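These notes concern the structure reproduced below.
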Amino acid sequence: MAEIVLDKVSKKFPDGTTAVRDVDLEIADGEFVILVGPSGCGKSTTLNMIAGLEDISSGELRIGGQRVNDKAPRDRDIAMVFQSYALYPNMTVRENMAFPLRLAKLDKETIAQKVEEAAKVLELTALLDRKPANLSGGQRQRVAMGRAIVRQPKAFLMDEPLSNLDAKLRVQMRTVVSRLQKQLGTTTVYVTHDQTEAMTLGDRVVIMRGGAVQQVGPPQELYDHPNNLFVAGFIGSPSMNFLTAKVEEGTLRTALGDVPIGDRIRRELEGADAPRELILGIRPEHFEDAELIDEETGRRGMEFTAPVDIVESMGSDKYVYLSVEGERATSAELEELAADAGAADFSGAGSNLVTRLSAESTVTEGEDRRVWFNLEKIHLFDPSDGRNLTLHEGRAAGTLAD
Amino acid sequence: MADTTTRAKVRWGLLDVAVVVFALTPVLWIMSLSFKTPATLTDGKFIPREWTLENYRTIFATDQFVRALINSIGIALIATTIAVVLGAMAAYAISRLDFPGKRLLIGVSLLIAMFPQVSLVSPLFEIERQLGLFDTWPGLILPYITFALPLAIYTLSAFFKQIPWDLEKAAKMDGATQGQAFRRVIAPLAAPGLFTTAILVFIFCWNDFLFAISLTSTERSRTVPVALSFFTGASQFEDPTGAICAAAVVITVPIILFVLFFQRRIVSGLTSGAVKG
Amino acid sequence: MSVNATPAGADVAADGTDTRSGRQAVLPGQRDNRGGKPPLSENKRAERRLGWLLCAPAALVMLAVTAYPILYSVWLSLQRYDLRFPAEREFIGLQNYATVLTNEFWWTAFGVTMLITVVTVAVELVLGMGLALIMHRTLVGRGIVRTSALIPYGIVTVVAAFSWRYAWTPGTGYLANLFSDGAPLTERASSLAIIMLAEIWKTTPFMALLLMAGLALVPEDLLKAASTDGATAWQRFTKVMLPVMKPAILVALLFRTLDAFRVFDNIYVLTSGANETSSVSMIAYNNLIRGLNLGIGSTMSVLIFITVAIIAFIFVKLFGTAAPGSDDGERR
């Protein structure tokens with residue numbers, strides 16, 4: 001077991017593109033770190049560089065304090081789980097799991113014993129003599145995990161290991177992976193494009209975009225205090241609502257009405273080159289049916305009226321889609337996020353707010369409804385560089401902060 | 001419902017029988033002739049009235065046939081081996097590596113697959129005479145390799161593309177060297193494709209008549225199909241029909257064995273190579 | 001496409017060799033030999049080098065045994081060159097072409113070849129489609145059908161030709177006794193019919209296999225959708241299956257047409273070209289090996305090559321046959 005340190009690691013491809021740019025990351029011994037981002041963000045390349053399957057163009061990679069830039073994968077003592085599982089089709093489950101041990105030239109009894117142990121942990125004992133072709137997706141996934149844990153490597157690398165499973169099984173395997181990692185306490189780097197996996201699995205999450213790290217931190221911190229527009233939009237489901245906000249006469253003109261701002265934000269906006277147009281971000285759960293808000297709470301936010309488009313009752317709460325006028329907020333980050341979600345060419349007219357209201361709300365489709373939102377929880381972003389203006393010393397505190 | 005399926009089955013069954021009869025009649029006919037005695041050879045009956053192995057004894061006693069059989073086997077095996085090895089190298093490069101000129105190679109091999117072989121007969125005849133390759137094994141092996149290569153490259157690259165190359169990475173992560181990854185993971189997966197290709201190429205070489213009759217002149221390198229056309233029987237006055245048929249059956253045996261045991265593979269090899277490629 | 005195939009191939013061979021030797025020349029200095037492009041990483045260069053290295057043997061053999069001889073053949077065709085009279089060898093320009101193209105034997109052979117090509121390919125397409133459907137859909141004995149269908153494909157053509165010859169030989173053959181009193185292989189029309197029968201028997205399975213691969217591409221759901229939309233079996237075949245199979249059909253036709261044009265083995269064994277049943281391959285062979293006339297033989301070789309190139313060109317241009325392999329990039 002060991003810590004993994006990436007020191008200004010970069011990857012340049014021969015055609016001149018930079019896949020990974022100056023990634024600095026210290027992964028502690030036993031830590032579970034998630035690399036997440038849309039496709040093409042460099043997360044898999046980063047993982048492959050740690051694995052030794054791709055060369056590092058510049059920077060240094062240390063595993064257990066030792067520089068391993070030029071070491072072959074076999075000399076790094078790390079195991080990897082592939083998205084396709086990469087099980088050897090010509091070998092049985094037992095042979096698959098024994099393969100790394102046989103390459104390491106362990107004696108037969110030790111191999112047999114270790115395979116049995118790993119199989120027991122993953123409940124594979126009954127399947128040991130089957131070929132991969134005769135296994136279900138979930139079983140194959142477990143064999144791939146078994147092959148990784150069997151030789152007790154310094155670290156596990158997992159490349160979207162659950163993305164080929166159906167939704168239900170994925171949730172189930174998520175807990176298996178999580179429990180296994182805690183049980184073994186092995187340093188793990190896990191790549192995924194699924195923000196739910198990122199939120200639920202990791203000790204820390206690394207969000208990447210265009211080859212660069214956007215933010216590193218525990219999942220909740222990324223959720224509550226996103227560094228920038230990209231992180232804010234990427235984390236959370238349904239994702240944060242974004243609206244344009246014009247700075248005029250000390251307030252913000254938005255489709256939801258004029259939003260007051262506190263001193264700190266005002267100071268930010270006083271500079272000569274300060275942006276005149278901002279992007280306002282509100283998470284769905286920071287809206288509430290105005291009828292259900294007591295006066296005390298009500299004062300911390302503001303209300304607006306909007307026609308109700310669709311109501312989806314989830315039981316525990318209601319997703320309510322509201323139509324609001326005004327243009328949709330645009331920026332490079334938001335477009336990239338939309339493209340990644342496959343929604344780039346399907347946006348409908350006007351803009352739509354997704355809100356998450358209490359189950360008790362009596363809202364119905366088609367009516368105009370008074371809706372309240374929490375000013376302490378909203379974010380303001382500079383559309384030119386995506387920076388979160390409400391962030392102060394790493395903490396977001398809404399627009400009213402002094 | 002059950003009635004219609006039974007009717008459908010009978011209908012398909014009849015079609016199947018028609019296909020089988022159509023496909024096998026000429027083969028059974030030449031077998032039948034090979035087992036007939038000289039007296040009954042010209043009776044025109046499909047099934048021999050008197051059975052004999054005399055024709056087989058005759059051909060294996062003649063040097064002409066045995067020599068040709070050795071030539072056929074030797075030339076086809078050598079050409080197959082070389083074509084599969086060269087084809088595998090090229091197919092690996094085509095399916096796995098990126099390099100300029102790749103499309104060109106694919107184009108050239110396609111052209112050769114369509115090339116009229118007879119156009120090569122005159123120049124090769126002259127060139128091989130000058131180089132001393134005329135009427136030698138290499139003189140036949142070379143054109144066979146050439147015309148087998150497109151087949152080998154197409155079939156093999158179709159096979160290679162199906163190999164999950166992630167496994168190579170997985171093996172490296174599991175602690176294998178490049179060599180071990182190839183030997184223990186990739187080679188076992190590539191073997192069936194190589195084997196299938198070898199069968200197809202062998203059938204091609206085994207079948208050739210045009211090059212064999214044009215580029216040979218003596219028993220030194222004549223293959224069986226050519227020897228058949230020159231057969232005269234044990235003596236000048238004997239009707240060679242029985243002997244020809246026996247020899248024909250002998251060279252058909254390997255084909256029938258291939259087809260019987262590797263039907264599935266031959267079908268997949270032919271279709272993947274020809275349609276996708 | 002095929003017309004300038006060989007020159008193009010030769011060009012590139014020269015080009016490829018140039019690049020390679022060029023590379024070696026500059027390697028010590030680590031200078032990139034490809035002018036304006038950005039320098040390649042060591043990895044990428046290694047990949048290219050490996051790619052060339054792996055393909056070189058195959059490419060060299062193929063070009064050495066086809067490109068060079070066909071050019072040599074063009075050179076020979078411009079000479080009077082008869083091995084029986086080597087002293088009379090001289091350069092005579094296009095005179096051989098004039099001789100061949102005004103010769104009625106050549107044109108008869110050309111007509112025979114065309115006839116055989118058109119008739120056999122047409123019949124094979126119909127039979128092959130039927131066979132493909134049977135192999136693809138049959139409810140019973142699929143393995144047996146496929147196995148027996150492969151036998152004509154695999155069997156040595158000469159062997160099959162002998163089988164047909166003896167079948168039609170008066171006295172010996174079961175077919176001769178059944179259908180006619182005379183000797184069918186001594187009359188032109190019946191000889192040609194038997195040659196075509198032998199060709200069709202031998203190559204229909206190959207056609208069927210190619211078409212079957214096309215059939216496998218027709219999604220089962222599409223056929224179900226068509227039947228729920230009220231299409232009859234025939235409509236399903238013509239409106240749903242044929243359009244999806246079109247590329248496979250064209251490729252199969254192209255290959256079979258060019259292959260049929262080369263017909264030689266069957267004619268050699270069945271009639272030896274008697275009674276005006278020679279194909280172009282047959283008379284080219286006769287002029288060369290029996291007549292030892294290299295000049296005329298080579299002229300015919302070149303003419304056959306050009307004809308095949310024209311056929312391929314027509315297929316590609318007129319029917320838009322996607323040249324197999326042209327879509328290579330990521331075809332899987």
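The backbone N, Cα and C atoms fix where each Cβ goes, and this holds for glycine too.
A TrEMBL annotation is a machine prediction, not a hand-curated record.
Residues annotated as domain 'ABC transmembrane type-1' in TrEMBL: B:69-262.
Feature annotation from TrEMBL assigns transmembrane segment to B:12-31 (among others).
Note on the transmembrane segment (B:68-92): residues 105, 137, 140-141, 144-145, 148-149, 151-153, 155-157, 159-160, 190, 194, 197-198, 201-202, 205-206, 219-227, 250-251 of its chain, located 6 or more positions outside it, place their CB under 8 angstroms from a CB of the stretch. Look at TrEMBL and you will find B:68-92 (among others) tagged as transmembrane segment.
Distant neighbours of the transmembrane segment (B:104-125): 90, 94, 134, 143, 146-147, 149-151, 153-154, 210-211, 214-215; these residues of the same chain sit at least 6 beyond its ends, with a Cβ under 8 Å from one of its Cβ atoms. The feature transmembrane segment is assigned by TrEMBL to B:104-125 (among others).
TrEMBL lists B:137-160 (among others) with the feature transmembrane segment.
Long-range contacts of the transmembrane segment (B:181-204) within its own chain (CB-CB distance under 8 A, at least 6 residues past either end) are made by residues 76-77, 79-81, 83-84, 87-88, 144, 147-148, 151-152, 155-156, 159-160, 162-163, 167-168, 170-172, 255, 258, 262, 265-266, 268-270, 273. The transmembrane segment annotation in TrEMBL covers B:181-204 (among others).
Per TrEMBL, transmembrane segment is recorded for B:241-262 (among others). Same-chain residues lying 6 or more positions outside the transmembrane segment (B:241-262) and placing a CB less than 8 Å from one of its CB atoms are 27, 30-31, 33-34, 36, 38, 41, 54-56, 58-59, 62, 65, 69, 72, 196, 199, 202-203, 206, 224-225, 227-228, 231, 233-234.
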